[in-house]
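What TrEMBL says about this one:
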ACT_SITE  His61  active site
ACT_SITE  Asn134  active site
BINDING   Tyr344  heme binding site
COMPBIAS  13-27  compositional bias 'Polar residues'
COMPBIAS  371-389  compositional bias 'Basic and acidic residues'
REGION    1-27  region 'Disordered'
REGION    366-393  region 'Disordered'
Amino acid sequence: MSDKKCPYAPTKLTMNNGAPVADNQNSLTAGPRGPLLAQDVWLNEKLGNFVREVIPERRMHAKGSGAFGTFTVTNDITKYTRAKIFSEVGKKTEMFARFSTVAGERGAADAERDIRGFALKFYTEEGNWDLVGNNTPVFFLRDPRKFPDLNKAVKRDPRTNMRSATNNWDFWTLLPESFHQVTIVMSDRGIPASYRHMHGFGSHTYSFWNEDGERFWVKFHMRTQQGIKNLTDAEAAEVVGMDRESNQKDLFESIEKGDFPKWKMYVQIMPEEEAEKVPYHPFDLTKVWPKGDYPLIEVGEFELNKNSDNYFLDIEQAAFAPSNLVPGIGVSPDKMLQNRLINYADAQRYRVGVNSHQIPVNQPRCPYSSNHRDGLGRADDNYGGRPHYEPNSFHQWEEQPEYAEPPLKINGDAAHWNFRKDDDDYFSQPRALFNLMSDEQKQVLFDNTARNIEPTPDFIKYRHIRNCYWCDPAYGEGVAKAIGLTVEDALAARESDPARHLDSLL
Ligand code: HEM
């Protein structure tokens, strides 16, 4: 509460059973200096609740900020999708957004060099649609098998309990498909000045289907209307020294004073059959679709216009899941996305419980009746006495075939396909990105990389210099010089690299 006047009506203290609490200052003791009595039921309840206040934090993206808002359609895309949220220009849909850093724990500082989570929940009339993206269009990996390893590499070392540049860069440099994302994280965009000043991306390829049953592949882009603003490493160090909650403060206070942040939503659309023909893998999360091939089509705009009255209730307990889809919006064969369709709901059953869909921020704003019953913390009428099997003779829980997605052709032999052998173009897209940078931006990239990789052994530095060099000789030269090593030594060090035995690009 920022001012002296409390906006809430006065309350009287009671226990959970409603009984009045007569004394909230002095514990019940045998005499003024005597021991506590077990019959102090309020003390027992108060401390018992206290030790259960903390729920598990998100395994990653633990530190975040969120707000409620409104999405408005500004352009007609009904020829691509039947999704009701896009059904007419001017239509408004209530939504919730949560932004986050990835590696830091719940108490971590905001102004860290890291990608940012960009998670959106749209309360549509046909169910909640969650677009759980990042502020970058690509990701480090394209196979979910490596996701737990990525997290081990970027989180704390098991022995020192400190973040480890060696673990981080050893892993990244051994997975050259991460190079595109690493280039973005080390670039001048690696530390957004605030959540308001960054773009968002669905990153994966999703799909749309329309009323005629035609499918399109789609990528989502959210472009900040506040402009892009970033921090240098030196500026970030200063910010963190003064304020570890810089992004939370910025978002909360701008909404509080009515300066509502806005993003425009765009899509790139690829007709279903073109996926077979484009020269890159259209479902590979380490690649973008060139905008020259698939231009941005405006869809709508959203603004965040309401802070939560209770951080834990809405932001900590928010449960976003890529599996929260609505008719007209579907997925793609992207194997990362396919795994996320399972993993988020699974994580949330553990983190917030099997009935987390009943928590207000997660609850659909349309009628819902999923026929799941019981479970820890069930707080609604639990479907009362309705028969709970299906089929039944009483028109309960009837399926809705009119919403079926058009069939998707899938074929292929089951195997652990080595995608590195099948598609080893790690560098042409980061090269294009590097060549879009001004000389000044390139120097920032070299210097950020050098500062970040500094604590690692030379064989890791050499490995990264080689990756940079293979991407573009000028990239390799620039990073080598900033580190104080040479490309020649890096290339020569290839034979003695301790990971030479791995089936990897070294
Ligand atoms: C959070 C898993 C890749 C964006 C999470 C959580 C899990 C997870 C378990 C915590 C969920 C919770 O407790 O509520 C995975 C796996 C991935 C993957 C297994 C790859 C196979 C990605 C990618 C993106 C992404 C590619 C972005 C394009 C996010 C965001 C959050 C998150 C934004 C935080 C959501 C929030 O604000 O609550 N991820 N993730 N993740 N992930 Fe991922």
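Placement of Cβ uses the backbone N, Cα and C atoms for every residue, glycine included.
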**OP:** For Asn134 (active site), list the number of other Cβ atoms lying within 10 Å of its Cβ atom.
**Re:** 24
Original post:
By Cβ distance under 8 Å, which residues at least 6 away from the ends of the region 'Disordered' (1-27) in the same chain are close to it?
Top reply: 36, 40-43, 45
Original post:
Per DSSP, how many helix, strand and coil residues does the region 'Disordered' (1-27) have?
Top reply: 0 helix, 2 strand, 25 coil
Original post:
Which residue counts does DSSP give the compositional bias 'Basic and acidic residues' (371-389) for helix, strand and coil?
Top reply: 0 helix, 0 strand, 19 coil
**OP:** Sort Asn134 (active site) into helix, strand or coil using the DSSP assignment.
**Re:** strand
**OP:** Taking the Cβ of His61 (active site) as the centre, count every other Cβ atom within 10 Å, in any protein chain shown.
**Re:** 22
Subject >> Spatial separation of Asn134 (active site) from His61 (active site) - C-alpha basis, Å >> reply: 10
Original post:
Tell me, by DSSP, whether Tyr344 (heme binding site) is helix, strand or coil?
Top reply: helix
**OP:** Measure from the CA atom of Asn134 (active site) to the CA atom of Tyr344 (heme binding site) and give the result in Å, rounded to a whole number.
**Re:** 15
